[in-house]
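Here the structure is laid out as structure tokens; the discussion comes afterwards.
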Amino acid sequence: MDQKLLVTIIALLVGLAHTEPQDELYSFEWIGYNTNLDDPKYRLLDNVQPLQISVDLDVYLEESRFNGIVQLQVQVRENLTQIVLHQNVVSIDEVSVLDANERPVSLQTPNPFTIDRYYEIVTINFASEIVPGTYIITVNYKGRINENPHDRGLYKGYYYKNNEKRYYATTQFQPYHARKAFPCFDEPQFKCPFTITITRGANLRPSFSNMAIAYTNVLPSGRVQERFYPTPVVSSYLVAFHVSDFVSTNSSGTVQKPFQIISREGPTNQHSYAADVGFKITEVMESYFNISYYEMGQGRAMKNDHIALPDFPSGAMENWGMVNYREANLLYDQQNTNLPDRINIAAIIAHELAHKWFGNLVTCFWWSNLWLNESFASFFQYFSAHEAEPWLELDDRFILDRVQSALSGDASASIQPMNWSSVADNPSITAHFGTSSYAKGASVLRMLEHFVTPVVFRNALRYYLKDNAYGIGYPTDMYAAFRRAVSEDPTFATTFQGIDIGTVFDGWVQNAGAPVVEVNVNMTSGLVSLAQRRFQISGTPRNDIWQIPISWTHGDSPNFQSTRPTYVLTQRTGSVQKPVGTSWVVLNIAQSGFYRVNYDSQNWGLIAAQLRSNKEVIHKLSRSQIVNDVLFFIRAGQISIPVAFDVLSFLAKETDYYVWNGALTQLEWLHRRLKHLPAAYDEFTAYLLELVDEAVKQIGYDDGANDSASTIQQRMQILNFACNLGHQGCIDDSLAKWNSFRTQNTPVQISSRRYVYCVGLRNGNASDYEFLFQKYNTSENTADMVVMLRSLPCSKNQASVEHFLYQTMHSDKIRVHDRNNAFSYALQGNSENLQTVLNFIFKNYAEIRETYGGAVRLSNSLSALSGFLTDFEDIVKFQSWLYENQIAIGESFSTGVSVVNTAVNNLRWGNNVAAEIYSELQSRSSAATVMTSLSVVILALAAKFVF
């Protein structure tokens, strides 16, 4: 049977298995009805609008259940025979409807309401057609508190205090999980005030929600009822509540502007950093947007609460007035939290606070344009946090975390555009929460800020927010705001004649992928010819064209300070003019634009010579782009190997964090692609060790009191890389620190722990593993626990590695969101663990799926294998297991197939370039001998016959 047809039939059968008998009748009867149900039936029409929603939950935390009553005041805009709501609760017991005069509206008998479990909706069937007006819908129902945080909705987590296990319940509703807590209009475009009431056990502390508690009532049963003030107009996915015995601290803010950190009792001494930086960031954004956060409550004071959760399926969530975080993303312990985690805390707080303006105050109309929320949050998480704490260097770090990350994602042929019109159902909604909506969107915004100037950019955002406050936003609204702001700047029209900023913006939103600008310099005439096309690692790209703002400089008069573009490439080709003569040209100053640049061989040679002679002439962020682009061009076969390694040669004297960060991930990728060819792999290892040696010597092994943030991060990344390569100095220093930690309990400096712990276990035995595992189990700092968790499987003792993998399934000290990374940690820490990891998966895949939190988590675990299946026999072994267990593996089977395909393609890539890379490295090596030519021939033949 055709494979696609088989999958379609299975999908149909699965859908029918989840359909109740009445649903088939409902689908038939729906034809010709007047309804607010859209097609496809995941969505609702806007002919019924919520005006106000009250949610009353009676929560039984120990029993993982609740009883609910939701009352929805709605406005009906046309005659209807049905009103449809989203729902995914356990059961609906009763539905009643009143008109504007509080008179009952008759419902159909039988079947006053019908439930469709597949589409997650409830349909209220009226006895006769209702007319436009206001109605009140009341639904009594029962719900579950999900015990798997990955199921979201209202879910249950736990923690330990004095060896006593305690529970809490909290919410994660984005993007379509509010319906698990109460029937509602569960789409971002439907906004209204919500009033939340929580009834809980008296043994718990006061609950939290978006707003402050309006009153507390002790019921005759002894249970406690808390009603919160109504929220401002908000979408259902931003509603939140939390039931627990958590405690709060208020160490920053003011009476008029409170800022509260909330957590379990143990780590309250880790609240102060988040409180301090978070309040500063709030004030930065209030000033920038000229809209007060604390006045967003539409007549009621807004809270600014931030809750640290031991279990949280997302990194954080921007609920208005009550932001949820994983503990590692909020709690800071000066003795145990390393610098990257500190940066992460500041950046994530800034991201969630930015959402108060972009997402909460103005909300994207549908998830297809999620970028209207997430791109701005991803942009301001760096630049507002930088204003609050400049020492962290988050403005420059943006290039690494967002621009280069997004360009990497956009190199794939299957990447989505920022505006992905195919978003129509739950799976496609989930898929759009990715690189395009976050990192790419933020990178495009940064390019536009350089293009129109920071003041015009800020003014455009102010117009957008004020014009659409408490409503929904469309891309056209954003473009209109930019057109208005640009029109007020007379220099734009004269500098960029005929350029419409809205058209420029929309091209980046609609086109998938990112362009590469190919540069050819005529040194005789000075003409710099430009051509654009979409950059892809493989495959034939679409023929898209972007309007690309071009900034550039040249070797005759280098200027890397002015990042404002001077030219816009609007067609396939264009040109700029430099002075006549032999001098290099560099485009995209400080990587201020969102595009790659590939030069002709002569210009690459001139850039390489400049980098070797005086690299500081070229801005560090431009150097970072150069090495990142070159390494991607190697992967795509769009640069010659000799030219590429000529450019990269300056790294032997490079010591800057940003430059090395642009290179390391791709150098590791190239290194691993050669692992099945020992001669090439060993030669490349030697090359990398030689490349990093100067950086290791310059940076040293210990942090200094006056080190900058980037110096500390350079030490962390270079020494981690060097130790993994086998750099003897790095290994010796790490072992000395590890042994001192083990024998004298001397703490390892925070920034060194990741690689020191790993080296200690990699060169130790089972007792070293047991020592660190005990430290993990007694730690109170989540970020440090993650450092230890990723170090544990560095052990070469395979019994210890098996113990680690088993613990990820069964130890409740290992959080459900950390289990997802277990196999990546095991393989990154020690590639010799591959056979142990494979055998563990083969034996335990069903249990992994169950204990990790579902089929998606098993798929994620399988995905970790693709970069480490570097031997053809291992690929065959995995593929054989995959097909032998296809039915039992279920929906993760397709992920396994992708792993096989990726692994095979990786081997082929390595085979195709190994001989040339080997030859190039040999020619650059002082150890080259007369045997080089013979070695290349043997290596080339080996590559040809691997398959």
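Glycine too: its Cβ is placed from the backbone N, Cα and C atoms.
For 1-19, the entry in TrEMBL reads signal peptide. Residues annotated as domain 'Aminopeptidase N-like N-terminal' in TrEMBL: 50-238. Look at TrEMBL and you will find 273-487 tagged as domain 'Peptidase M1 membrane alanine aminopeptidase'. Among the features that TrEMBL reports, Zn(2+) binding site is placed at His351, His355, Glu374. For Glu352, the entry in TrEMBL reads active site, proton acceptor. Residues or ranges marked as site 'Transition state stabilizer' by TrEMBL: Tyr438. Annotation comment: TrEMBL describes 584-885 as domain 'ERAP1-like C-terminal'.
Over all protein chains present, the Cβ of Tyr438 (site 'Transition state stabilizer') has 25 other Cβ atoms lying within 10 Å.
For Glu374 (Zn(2+) binding site), the same-chain residues that are 6 or more apart in sequence and have a Cβ closer than 8 Å to its Cβ are Gly359, Phe433, Ser437, Tyr438, Gly441.
Taking the centre of the Cβ atoms of His351, His355, Glu374 as the Zn(2+) site, the nearby residues of that chain (Cβ within 8 Å, site residues left out) are Glu318, Glu352, Ala354, Phe358, Gly359, Asn373, Phe376, Ala377, Ser378, Gln381, Tyr438. The Cβ neighbour count for His351 (Zn(2+) binding site), using a 10 Å radius and every protein chain shown, is 27.
This prediction places the mean pLDDT of the domain 'Aminopeptidase N-like N-terminal' (50-238) at 97. Taking the Cβ of Glu352 (active site, proton acceptor) as reference, residues of its chain lying under 8 Å away and at least six apart in sequence are, in sequence order, His306, Ala316, Met317, Glu318, Val323, Tyr325, Ala377. Around His355 (Zn(2+) binding site), a 10 Å sphere centred on its CB holds 25 further CB atoms from the protein chains shown.
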